[in-house]
Amino acid sequence: MLSLLIDESEFSRDSSQEPNSKALDILSNFIGWTYIFCWSFSFYGQLYENFKVKNVKGIAFEFLGLNLTGYLFLSAYSSAGYYKGGDSGWPFSGNITLQDLIFAFHSVGITILTILQIAYYYKEGDNSGVSLWCIIVLITLWSSTILYIVLTWIFGWEVIFKEEKLNVLYWMGYEKLFVTLIKNIPQVYLNYKRKSTVGWSIFNILLAFFGGILSFLQMLIDQINGKSVNLVDMNIVKFILNWIVLGFDLIFILQHYILYHPKRNKAKDIKDEYQQIKE
């Protein structure tokens with residue numbers, strides 16, 4: 001899911017990078033708003049699913065904890081790039097648009113809302129809670145970020161990466177990458193363990209997948225239109241996030257529609273029940 005992402009598009013506001021084609025620039029902006037809408041609206045599928053089933057058996061709590069952390073980091077990373085990148089004063093690489101900034105902050109808000117909703121619907125035995133490995137990962141992510149902030153405050157920007165400034169924000173961007181890489185693993189495993197995707201919204205996945213394709217298309221158009229030297233240099237965080245998210249989306253689609261399809265599971269349950277009666 002988005003989830004992802006890894007946030008994220010028109011970041012370094014360099015006036016010297018004028019687009020080659022106004023039409024392609026308009027198309028890029030339209031695609032940008034479209035995929036941001038897809039990603040943002042996809043969150044509401046899980047809210048509806050929770051309301052529909054009135055339990056939280058189908059969602060991995062580790063996913064929510066990691067998701068909130070990742071989007072908080074992405075919000076800081078995106079805010080710095082949008083407000084202070086390029087000509088605004090900080091030599092921040094990558095491209096962040098207003099759409100990306102809105103997406104990051106909306107993702108934080110809707111994830112918090114989902115956590116509150118799940119707390120309301122939670123009943124004992126619905127879910128095993130957050131696993132120890134996830135708690136350790138979250139503590140490590142937050143403690144390393146806080147430590148990095150302290151070191152930056154004491155020694156200035158050049159703490160680890162000698163040739164880059166805003167190291168704390170770069171660090172948060174890379175932590176978001178790491179979170180996106182692992183956050184869907186608990187959900188994939190939970191679906192496998194339950195042999196079902198009931199309680200986990202496929203609506204989220206389909207919209208996130210479509211949004212990921214559009215996000216990649218926007219980067220490609222911007223490259224053709226002369227906004228960057230090459231595709232990867234535009235926004236390495238966004239580029240990697242896209243492919244990670246698309247890969248997990250394909251796994252979820254496979255689980256829902258082929259491996260654990262509701263009709264297929266129902267037929268199997270009826271067959272097993274019939275077999276038990278015969279015996």
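Glycine residues also receive a Cβ, built from the backbone N, Cα and C atoms like all the rest.
Any TrEMBL annotation is an automated prediction that lacks curation.
Quick look at what TrEMBL lists:
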TRANSMEM  26-47  transmembrane segment
TRANSMEM  59-81  transmembrane segment
TRANSMEM  101-120  transmembrane segment
TRANSMEM  132-156  transmembrane segment
TRANSMEM  168-186  transmembrane segment
TRANSMEM  198-220  transmembrane segment
TRANSMEM  240-260  transmembrane segment
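Highest Cβ pair count under 8 Å relative to the transmembrane segment (132-156), across stretches 26-47, 59-81, 198-220: 59-81. Between the transmembrane segment (101-120) and the transmembrane segment (26-47), the number of CB pairs under 8 angstroms, six or more residues apart, is three or more, so the stretches are in contact.
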